[in-house]
Structures are given as C-alpha cells and as structure tokens.
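Per Swiss-Prot, the features are:
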COMPBIAS  334-354  compositional bias 'Low complexity'
DISULFID  C110-C187  disulfide bond
CARBOHYD  N2  N-linked glycosylation site
CARBOHYD  N15  N-linked glycosylation site
CARBOHYD  N200  N-linked glycosylation site
LIPID     C322  S-palmitoyl cysteine
LIPID     C323  S-palmitoyl cysteine
MOD_RES   K296  N6-(retinylidene)lysine
REGION    333-354  region 'Disordered'
TOPO_DOM  1-36  topological domain 'Extracellular'
TOPO_DOM  62-73  topological domain 'Cytoplasmic'
TOPO_DOM  97-110  topological domain 'Extracellular'
TOPO_DOM  134-152  topological domain 'Cytoplasmic'
TOPO_DOM  174-202  topological domain 'Extracellular'
TOPO_DOM  225-252  topological domain 'Cytoplasmic'
TOPO_DOM  275-286  topological domain 'Extracellular'
TOPO_DOM  309-354  topological domain 'Cytoplasmic'
TRANSMEM  37-61  transmembrane segment
TRANSMEM  74-96  transmembrane segment
TRANSMEM  111-133  transmembrane segment
TRANSMEM  153-173  transmembrane segment
TRANSMEM  203-224  transmembrane segment
TRANSMEM  253-274  transmembrane segment
TRANSMEM  287-308  transmembrane segment
Amino acid sequence: MNGTEGENFYIPMSNKTGVVRSPFDYPQYYLAEPWKFSVLAAYMFFLIIAGFPVNFLTLYVTIQHKKLRQPLNYILLNLAVADLFMIFGGFPSTMITSMNGYFVFGPSGCNFEGFFATLGGEIGLWSLVVLAIERYVVVCKPMSNFRFGSQHAFMGVGLTWIMAMACAFPPLVGWSRYIPEGMQCSCGIDYYTLKPEVNNESFVIYMFVVHFSIPLTIIFFCYGRLVCTVKEAAAQQQESETTQRAEREVTRMVIIMVIAFLICWLPYASVAFFIFCNQGSEFGPIFMTIPAFFAKAASLYNPLIYILMNKQFRNCMITTICCGKNPFEEEESTSASASKTEASSVSSSQVAPA
C-alpha cells in the first residue's frame, strides 16, 4: 500500500516515516512545498474574481433583454447558474484551505465542497447533452414536425438537475464518500479506495458508466450525425443560405463548448479512472491536484464562449454595460446584423421544419 487511508481521507503517501497526518487537522506541507499551496490559492482567487462577473453578467443580460429569452438559451443560462453554484459553493473554501495548507473546514466542509463541485460539473455535462440532442433534432430533423419550445427547454433543464443530483447526492447519504484529493485542499469523489463500508466500488462504476460514458456517447452520436447532415444539406442546398449560416454558427458554438468541456474534464476523469483501476499504486499528490484544479476552470469558459460566439448576446451585453448604447455597432449594419443574429439565436422555433 503506497498511501495512508483514514476514516475520512486517503493521502497518497505511505506513513512508514510517521509524518502523515489528517488533512483536516494538520498542514500538509510534507506533500508539497508551501509555495505550491499559495499558487493554488492564487489560482482559485482568479477563478472567483473572473468567474463570478461573467456568469452573473450572462444571467443579468438575458433577464434585461427579452429577445434573448429563447428556449435553448435557458439551457445556456442553466450552465451559468451551475457555474455560480461551483463558484460560491466550493471555490472560496478551496482558496482558504490552500492558504492554510490543509482542509480547515473538516469532513462536513469537505462534503459541502465536493457536493457542489460534482453537482456543477454534472449539470454542465448534461446541459451539453441537451444541447447536442437539440442540435440533432433541429438540424437532422428525425421528427419533421418537431419544434423546440419553452416546454422542451424547461424539461431539459429539469433533466440536467435530476441527473446531476443522482450523481452528487449519494455520497452524502452513504453510497461512496467525498474526501480531500491531491494536495488535500479540495474534495471530490473517493476514487482512491474500494471502501466496502460505503459500497464505493459500485458507485464509482455507476458514475463512470451513467454519468460520464453514456452522456459522451450521446454527444458524439448527435454531432456525428449532425456533421453528415450539414454537409448533405450544403451540397443539396436544401435550406436557405441564411438558415444554413445560422445553424452553422449555433452548431459551431456548441461543439466548441463540448471540446472545452473535454479539455477541462477529460484529464481529471482519466486520472481518476487510472487511480481507481490501480488501487494502492504509487502516485504523487500533484498527479491528481493539477487535473482537479484545471477542471475548475469550467466555470469560466462556458460564458466566455457564449459571449464571444453569439453576436446577438454580445451586442446586448455591450448595450447593457454601456448604459443602453452600443458604440461598436455601425449604423449602416444595424439592420443586417439584427436579422442575422436573430436567426443565429439558439432556438429551433426560428427554423422551419422540412
């Protein structure tokens, strides 16, 4: 055994020398130099001061501008809400624990932070599933008379929360557990031990199958079919140029969101799966710390992608910030831009069925 397991923790270091201590009671500077903990604290501070404004602005701008309240935009707003849950529910505690060198909030605080981190990540993943299904239905048209409306959007939002809770809540009630990971300054699902007392092995398998593999399979299937359909439609000119351009813009934005999600979360999932499949193997604390903290950047990239790639939302945001005026919008292109970006809205209600 190359680690030390306690009642509520697992530290990736053997206690042969007797230096290993509980991450809830003592600084963990034997795992890494103090300056590395300071770097983690500074990183979390950056995510807080950068992530809160852009996610809050996403919500505020959509509330202020009625034309942004399109059905599928509700899913994008759902991502912003999930990001804010992560920012308020986990980031401050992670920053404070990194500053102190150990998890000062105890096992209860670890459960609290682990729950919100898992909940936010899963809402993000299942939101991308809903977006992928919407793109598939709208562009590929397997159901010719289907129109994505507000009711479908609310159902999609509800699905994301139900599935996220089905993943984040069980460790709080005895199926698996949340423990400090890596340098012991942030908490997540216990991938490190089998822990038969809480049936940890079955939960981790359930999580990887139901809450990671299946969602990604759905996403890849939808976009695989979508790419083929877009190419066929372009070749046959089945849609107007304006409609094709609008659908391409929306699809491109959502695909980039999926790629960004994979960049942020795939390293974490891969390392966690490796650790789980190699119980007791030797690995350093940095091995899990880097992907775990890198995954937290997910709270920042989604709103940035949305702002940068959705011209209608970007114009509304600039108008809100500039107190009702958009100094960057040319007068002669106002009419054309408005019609184009309105068509680019992530709402299938504006796309005529075949």
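We count from 1, first residue shown onward.
Just so you know, glycine gets a Cβ as well, placed from its N, Cα and C.
Worth saying up front: this structure is predicted, and the values here are computed from it rather than measured.
C322 (S-palmitoyl cysteine) sits 52 Å from N200 (N-linked glycosylation site), counting Cα to Cα.
It is C187 that, of the recorded positions C187, C322, has its Cβ surrounded by the most other Cβ atoms within 10 Å. For the topological domain 'Cytoplasmic' (225-252), the model's pLDDT averages out at 70.
Between the alpha carbons (Cα) of C323 (S-palmitoyl cysteine) and the residue listed as 'N6-(retinylidene)lysine' lies a span of roughly 32 Å.
When secondary structure is read from DSSP and collapsed to three states, C187 (disulfide bond) falls in the strand class. For N2 (N-linked glycosylation site), the number of other Cβ atoms no farther than 10 Å from its own Cβ, over all displayed protein chains, is 10. In the structure shown, across all protein chains, N200 is the one of the glycosylation sites N15, N200 with the greatest number of other Cβ atoms within 10 Å. The separation of C187 (disulfide bond) from N200 (N-linked glycosylation site), Cα to Cα, is 16 Å.
Using DSSP to sort the residues of the topological domain 'Extracellular' (275-286) gives these counts of helix, strand and coil: 5 helix, 0 strand, 7 coil. Break the topological domain 'Extracellular' (1-36) down by DSSP state and the numbers are 3 helix, 4 strand, 29 coil. Recorded residues N2 (N-linked glycosylation site) and N15 (N-linked glycosylation site) have their alpha carbons 9 Å apart, per Cα-Cα distance.
Separating the Cα atoms of the residue listed as 'N6-(retinylidene)lysine' and N15 (N-linked glycosylation site) is a whole-number distance of 30 Å. Looking at C110, C323, the recorded positions in this record, the fewest other C-beta atoms within 10 angstroms of the C-beta turn up around C323.
In the three-state DSSP reading, C323 (S-palmitoyl cysteine) counts as coil. Counting every protein chain shown, the Cβ of K296 (N6-(retinylidene)lysine) has 23 other Cβ atoms within 10 Å.
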